[in-house]
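Undergrad: Before I ask anything, here is the structure I am working with.
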Amino acid sequence: MLKKSLLLGGVFALAFGALTGCSEGTSGQQQAGGSLTIVGSTAMQPLVEEAGKAYSAKNPNVQINVQGGGSGQGLSSVMNDTADIGNSDLFAEEKSNENIDPSQLVDHKVFVVGFAPVVNPDVGVDNLTQQQLIDIFTGKIKNWKEIGGKDLPVVLVNRPESSGTRATFAKYALKGNTEFRAKGGIEEDSSGTVRKIVSETPGAIGYLAFSYIDSSVKALKLDGVEPTNQNVCTNKWKVWSYEHMYTNKNGKNSKTENAFIQYILSGEGQALVKKMEYIPVSQMKVERDADGSVKPE
Amino acid sequence: MRAKVTDRIATLCFYLIAILIIGILAGMIGFILFKGLHVINWDFVTEAPGSVLTGGGGVGPQLFNSFYLLVLTMIITVPLGLGGGIYLAEYAKPGQLTNVLRLSIEVLSSLPSIVVGLFGLMVFVQYTGWGFSLAAGALTLTVFNLPLMVRIVEQALGTVPREQKEASFALGVTHWHTIVKVLLPAALPGILTGTILAAGRVFGEAAALMFTAGMSSPDLDFSNWDITSPVSPLNPFRPASTLAVHIWKINSEGIVPDAKEIASGASALLVIAVLIFNLFARWFGRLIHARLTSTR
Amino acid sequence: MTLVSAWVLIITLFSLLYFIASKGIAPFLHGEVTLADFFSGNWGPSLSAEQGGPQYGALDFILGSLMVALGSAVISGPLGIGAALFMTEIAPKAGRKILQPAVEILVGIPSVVYGFIGLTLIVPALRSIFGEVGFGLLAGIIVLSVMILPTIISISADAIHSVPQGIREGSYALGATRWQTISGLVIRVAQPGLLTAVVLGIARAFGEALAVQMVIGNTADLPFHLLKPMSTLTSVITLNMGNTVQGSTYNNVLWSMALILLLMTLILILAIRFIARRREV
C-alpha cells in the first residue's frame, strides 16, 4: 500500500513538474517578444488598456497585458516582481503601513483625477460648505432639509475601507476625517455601481471621479468652487489625486517599462488622457507630495 | 371529511409551490432576454470589445475564452473524474482511505467558490509564477468540478443493473475489462448528461476566476495558432476574461458609454448558452440511450 | 490507475486546508490581531492610532453571513421540500417533464446574473415598497433563496425517492389521505435526507459571493434589520482583497475570514455526516 502510494505521489509530482517546466518555456519566450504585465487600480485600467492597445499597434513586438485587481494588488505585485508595472491611486508612501517599501519603487505620475461629491438630482442642493460635507459624511446631518434641501433622509454611498478613492476623498474633502462610517450607508466597490445607486436612490450622496459624472447624478460645488479640471490644475478644487505607475528599481524589463511609460507621458498618450476627461500631469500648475503639502502655495 | 379537505388544500399548496418556482424561473429568463436580446447580433457575438472611448464592439474574445476555459477544465477533469468515479464505485473498500476520500469530495464540492479562487490565486497564480492565466483558471475550476465529476460517474455506474456485471464476470471477463466494455458503455448516458450539466456550471463561474484567470484579455489574433505565442487565442498561459467575469467588470467599471447594453446583452448570451447546454444534454443523453438500448 | 484521481482529490483538499489555514492563522500567531479583537464588532481598518484603530473585528460579517444563510434557508427550505414532494408524490409526470428541467436550468444560471437581476429588479422594488434604500438583508435573502432552491429540491427529491413504496401503500390501505401519508410518514422517514438538503443549501448560501455583494449594501453593521444594509464575510473579501497589500494585517485578516468560511463548510459537512449516521442506527 505504502509503496503504491509513494509511486503515485512520484507520478503526480512528475506531471506537475512537467506542467511548470512547460510554463517556464513559454514565459521565457514571452519576455523575448517583449511583454509587459501591468496590474493594479481598476480606476486606471480603462486608460492604460487603451494606451496599451495603441502602443502595441505601433510596436507589434510588444504585448501589454493590463489587469485590474486594485491598487494594493498592483503595489504588492510590483514589489515581489510578479508584475512589471503596478498601477496605484495612492502614493506608495500612503500604503507603507501595509508592508510596502517605497524606497524599492520608482514612482511615475501619469495623470491626475479630480473627484467630486455627487448627489441624486432630487435632493435640491447644489453647493455645500466643506463643514457641511464633513457633517454629512460623519452622520451629523441626517436630512437634506437641515441644509436647505428637500425633506429627504441622507443616504451615504461609500467606497470600501481599503479603496484609494475613499482615502483621497477622506484626506482632501473631509480634511482627514476618517471616521465617516455613519450607520445606514451603502458601500460599493466600483464607480459604475456608485453612480447607478446615487442616481436611483432618493437622498443619496457619494463621490466619483469627474470622468464618471454624467447627467444621471449631480456634482456638488464645494464652498462655491466648481468641480472642473481647470480648478483642479490650480488646486482651487482640492479633491484630486495623482494616478501612479510604479516600477521596481530592480525590475527585469526596465527598458520596455520605461518606453511604455514614456509613451503615456508623450503628447500622444496625454492626448488620450484628455480625451477620457482626465488631466495631463503637464497641465498641473501645482505639485503635491505624499503628505499632502502643495508647492507652490 | 376534515381529512379530505386538508388533503385538497395541501395538494393545492403543492401546485402553487411548483407554479411559483416555474414562474420565478420563467420570469428571470424572460427578464434577462427581454433586456438583452435586442443587443445580440452576429457582430456582438464575434467582435472584440470596442474602444473605451467609442463603445460598441462585442464580446467575441470573452465568449471564446469561456469555451476554451471549459475545454481546458474538462481535459483535466474528465479523465480524473472517470478514474475517481470508477475507483469509488468498483474498487473502494470500506476503510479509512475511502472515508477520507468521501469526506474530501463532500467538502470540496461545497466549498465557497471565493475560497477556491483565493486558493487558486495563491497556488496557481503566484506560487507557480504563471500569473493570471487560463491554466490557473482551469486548475482552479478543477478543484470544485472534479468532485462533482467523480460523483456523477459513481452514480451513473451505480445505476447499471447488477446482472449485466455478474453476467460478464460469469463469462470469465476480468474486472477491468468488465468496467471498460460493459459498465462504462451502460453508464455513458448518465455520465454525459451529468458532464454537460457540470459544464454549464463552469461556464457561468465568476468569483473563482476573477482572482485566477484575470479580468481582461490581451488583443487576440485569431489567425495565430502557435500555442506559445502570447497573442494566440490557444495559449493557455495568457490571461483571459470569461463572459461571466466580463459582465461583472462591465457592471462595475461602467466607463464605456454603452455599458448597460453590453451587460444585458452578455447576460442574455450567458443564459442562452446555459439553456443550450441543458437542451443539448437532454437530447444527447436520450440519443445515446436509444442507440445503446436498440443495438444491444 | 484509478487511485490517482482519489489521491489528487485528497491532496487538493489538504493543500487547500493547509494554505488557507496557514495564511488565515498568521495574523494571530504574529500578534497583529488577537482572537478577541477578531471576534469583536469593532471594524475600522483605516482608523488612526489616536482613534483607537486600526480595528479588525469581524463579528458583524460573521453574523451577517449567518443571517442571510439562515434567512434564505427559512424561505427556501419549505419551498424546496414542497417542490420535491410535488415532483415525487403529487404529480411525478409534470414534475419530471417540467419542474426537473426548470431546476436544472436554475442551477446553471450564473451567480452574476442573479446579482444583476437583484440589482435591477429586487432592490428598486424593495425601495419603492418600503421606502428604505432597498439594499440590505432582505434583498440578499430573496436572491439567495432562489439560488439555493435547486440544491434543496434535488437532494430532498432523492431522499423522498428512497422512501420504500411499501410504506406509502400501507398508509393508503389504512385509509389515510395523501396529505396524511406525506405529512405523517414520508416526511418523517425521509427526514435525515431533507435535513441534509437544507444544510447543504445553507452551506451554499453561506459561501455565495458576487450575487450577495451586489445587493446587500456592504456596510459594517450588525445584520438585525431586514431593510438596512449589512455585510457578509464573502462581500468584505471581494471588496477589499484587491485594494489591500499582500502581507499587510488588513489583507491577512481577509484570509482569516476565508478560513472561517472554510471551517464553516467543514462544520456543515460534518453535521450532515452526523445526521446520516443517526439515520443508520
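Heads up, residue numbers simply count up from 1 along the chain you see.
Glycine is no exception: its Cβ is also placed from the backbone N, Cα and C atoms.
The transmembrane segment annotation in TrEMBL covers C:7-29, C:61-86, C:98-123, C:135-155, C:194-216, C:253-276. Per TrEMBL, domain 'ABC transmembrane type-1' is recorded for C:62-272.
Help me understand the surroundings of these features in the structure.
TA: Within its own chain, the transmembrane segment (C:7-29) is flanked in space by residues 35, 38, 56, 249, 252-253, 255-260, 262, which lie at least six positions past its ends and keep a Cβ under 8 Å from the stretch.
Residues 39, 43, 95, 99, 103, 137, 140-142, 144-149, 151-154, 156-157, 159-160, 182, 186-187, 194, 197-198, 201-202, 205-206, 212, 216, 220, 222-224, 230-236, 257, 260-261, 264 of the same chain sit 6 or more residues outside the transmembrane segment (C:61-86) yet have a Cβ under 8 Å from a Cβ within it.
Cβ atoms under 8 Å from those of the transmembrane segment (C:98-123) belong to residues 83, 86-87, 134-135, 139, 142-143, 146-147, 149-151, 153-154, 208-215 of the same chain, restricted to positions at least 6 beyond its ends.
Residues 64, 67-69, 71-73, 75-77, 79-81, 83-84, 87, 99, 103-104, 106-107, 111, 114-115, 117-118, 122-123, 126, 193, 196-198, 200-202, 204-205, 208, 211-212, 215-217, 223, 225-230, 232 of the same chain sit 6 or more residues outside the transmembrane segment (C:135-155) yet have a Cβ under 8 Å from a Cβ within it.
Long-range Cβ contacts of the transmembrane segment (C:194-216) within its own chain (Cβ-Cβ under 8 Å, at least 6 residues beyond either end) map to 64-66, 68-70, 72-73, 76-77, 80-81, 84, 111-112, 114-116, 118-119, 122-123, 135-137, 139-140, 143-144, 147-149, 151-153, 155-156, 159-160, 187, 229-232, 234-235, 237-239, 261, 264-265, 268-269, 271-272, 275-276.
Sequence-distant contacts of the transmembrane segment (C:253-276) (same chain, at least 6 residues past either end, Cβ-Cβ under 8 Å): 16-17, 20-21, 23-28, 33, 38, 45, 56, 58, 61-62, 65, 192, 195-196, 199-200, 202-203, 206-207, 233-234, 236-237, 240-241, 244.
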